[in-house]
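The active site, thioimide intermediate feature in Swiss-Prot is assigned to 56. Per Swiss-Prot, active site, proton donor is recorded for 63, and the stated evidence type is sequence analysis. Annotation comment: Swiss-Prot describes 78, 79, 80, 97, 98 as substrate binding site, evidence class sequence analysis.
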């Protein structure tokens, strides 16, 4: 039997463990955070979203990306269900690749106030050109191992 979060004012506001509606837009989406039980330890947490989708703001055509989000938590952890809902809210949102990638990184950084965060947005080609976008909050804390994001360069069929 899975362990349930104890009910408290902090946990009752979470989307985790409850049925919630998909947010209609990134602005409507809520990012939840939970206390970090290892806040005295520097470590890296990684979220990977290999099937992120959004819309081109000009043509309305779908755009696809492989997102990799690495962060060194401070006092808070990013709750993964809320991240999933937030990323899904971009499905009908129109924005350029650079704006999507940087906005996601900034929103997460604001929500959880990590010691460090980076996001890599590896966008699939539109018009024959793949676009990769990278953003981070500052320098990596000393002594923290940051693995490579391991997303190969786009090669097409060649």
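Each residue, glycine too, has its Cβ placed from N, Cα and C.
Location within the structure of each feature annotated in Swiss-Prot.
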{"residue": "56", "record": "active site, thioimide intermediate", "CB count, 10 Å": "14"}
{"residue": "63", "record": "active site, proton donor", "CB count, 10 Å": "22"}
{"residue": "78", "record": "substrate binding site", "CB count, 10 Å": "23"}
{"residue": "79", "record": "substrate binding site", "CB count, 10 Å": "19"}
{"residue": "80", "record": "substrate binding site", "CB count, 10 Å": "13"}
{"residue": "97", "record": "substrate binding site", "CB count, 10 Å": "20"}
{"residue": "98", "record": "substrate binding site", "CB count, 10 Å": "13"}
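Spread of the substrate binding residues is 24 Å (greatest Cα-Cα distance among 78, 79, 80, 97, 98).
On a Cα basis, residue 63 (active site, proton donor) lies 6 Å away from residue 56 (active site, thioimide intermediate). A Cα-Cα distance of 8 Å separates residue 97 (substrate binding site) from residue 63 (active site, proton donor). With respect to residue 63 (active site, proton donor), the closest of these binding-site residues in Cα terms is 98, chosen from 78, 79, 80, 98.
DSSP assigns the residue listed as 'active site, proton donor' to a strand segment in the three-state reduction.
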